[in-house]
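Novice: Among the features that TrEMBL reports, active site, glycyl thioester intermediate is placed at Cys85. Positions annotated as compositional bias 'Acidic residues' by TrEMBL: 158-172. Annotation comment: TrEMBL describes 1-148 as domain 'UBC core'. Positions annotated as region 'Disordered' by TrEMBL: 148-192.
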Amino acid sequence: MASPSKRREMDMMKLMMSDYKVDTINDDLQMFYVTFHGPTDSLYEGGVWKIKVELPEAYPYKSPSVGFVNKIFHPNVDESSGAVCLDVINQTWSPMFDLINVFESFLPQLLLYPNPSDPFNGEAASLLMRDRAAYEKKVKEYCKAYAKPEDIGAPEEISSDDEDEDEDEDDSMSDRGSDSDDNDEIAGKADP
């Protein structure tokens, strides 16, 4: 079997070559974002979420950590952090699975079959058990309010504004060097 780092690379390549939009962070294969569409014929159909994926060092022997960046109303997803109840993936994870399985099986199953008896969002679990029609209405309201394509813009961590500021600083640093006088000396000597 391939080493964990080779397997991580292969699984990332497979995911990037699929129909999923993958945004890496600084070409890091341990943390990245994937655009995920709600499953057809579900309450979440038409919704679009940005999913943050973190691969542990021991991947594929240890399951990836996944979380919703934009809000979703679901019993097994923490509303404030977007964290997915780890039991959902951990209970069934095996090195035989890959990242495609997360987006084609695990997350669709999570959204199609919520488990209110193991909640991460007590309000959603309670509403689902108490009043299914009200639960369904709230899910659809959340999809309409938070899961549109424009709701999955780039996270603040990698916004282009920060990069522009860094470029401006770099430009100003290089401009300073041209104001020097003629008697500049090289700091140190070159290695022989």
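Each residue, glycine too, has its Cβ placed from N, Cα and C.
What TrEMBL says about a protein is an automatic prediction, not a curated fact.
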Novice: Give me the long-range Cβ neighbours of the residue listed as 'active site, glycyl thioester intermediate': same chain, 6+ apart, Cβ under 8 Å, in sequence order.
Specialist: Asn76, Val77, Asn115, Asp118, Pro119, Phe120
Novice: For the domain 'UBC core' (1-148), what's the mean pLDDT in this predicted model?
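Specialist: Value for the domain 'UBC core' (1-148), mean pLDDT as a whole number: 92.
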Novice: Could you count the residues of the domain 'UBC core' (1-148) that DSSP puts in helix, in strand and in coil?
Specialist: 57 helix, 28 strand, 63 coil
